[in-house]
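Enquirer: I'd like to ask you about the structure that follows.
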Amino acid sequence: MLSVLSGLGGERLRIIDERVPLRFGVFGQETTGPGGFSMAVRTIPRVWEITNLLAEVNPKAWFINFTNPSGVVTQAILGYSSLKKVVGICDAPSSI
């Protein structure tokens with residue numbers, strides 16, 4: 001199963017995630033720092049819903065996570081889900 005959740009909280013919260021840290025001289029974005037933490041707090045509960053359902057339906061399934069912040073989300077799944085086959089991938093488009 002693949003997980004690609006994007007924009008949890010919408011554009012308004014992403015703007016807050018990116019601008020508030022800048023007021024304090026800290027880089028703001030969705031994958032690291034305070035903005036990444038804020039995004040993780042919104043994202044992890046939604047991903048847990050998906051992984052819990054997947055674990056009920058097929059506990060031996062692979063879960064491939066593309067959802068940002070990928071590292072934190074993947075670590076949460078590995079640490080607190082019964083799924084054992086979990087891979088996190090952080091990619092970026094090479095061109096748009």
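Glycine is treated like the rest: Cβ placed from N, Cα and C.
So TrEMBL says this about it:
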- Arg14, Asn68: substrate binding site (BINDING)
- Glu30: site 'Increases basicity of active site Tyr' (SITE)
- Cys90: Mn(2+) binding site (BINDING)
Enquirer: Give me the Cα-Cα distance between Arg14 (substrate binding site) and Glu30 (site 'Increases basicity of active site Tyr'), rounded to a whole Å.
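Expert: On Cα coordinates alone, these residues lie 7 Å apart.
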Enquirer: How big is the Cα-to-Cα gap, in Å, between Glu30 (site 'Increases basicity of active site Tyr') and Asn68 (substrate binding site)?
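Expert: Approximately 7 Å lies between the Cα of Glu30 (site 'Increases basicity of active site Tyr') and that of Asn68 (substrate binding site).
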Enquirer: Once the DSSP letters are reduced so that anything not helix or strand counts as coil, what is Arg14 (substrate binding site)?
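Expert: Reduced to three states, the DSSP call for Arg14 (substrate binding site) is helix.
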Enquirer: Cα of Cys90 (Mn(2+) binding site) to Cα of Asn68 (substrate binding site): how many Å, rounded?
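Expert: With the alpha carbons as reference points, the distance is 8 Å.
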Enquirer: Enter the number of other CB atoms within 10 angstroms of the CB of Asn68 (substrate binding site).
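Expert: 23, counting other Cβ atoms within 10 Å of Asn68 (substrate binding site).
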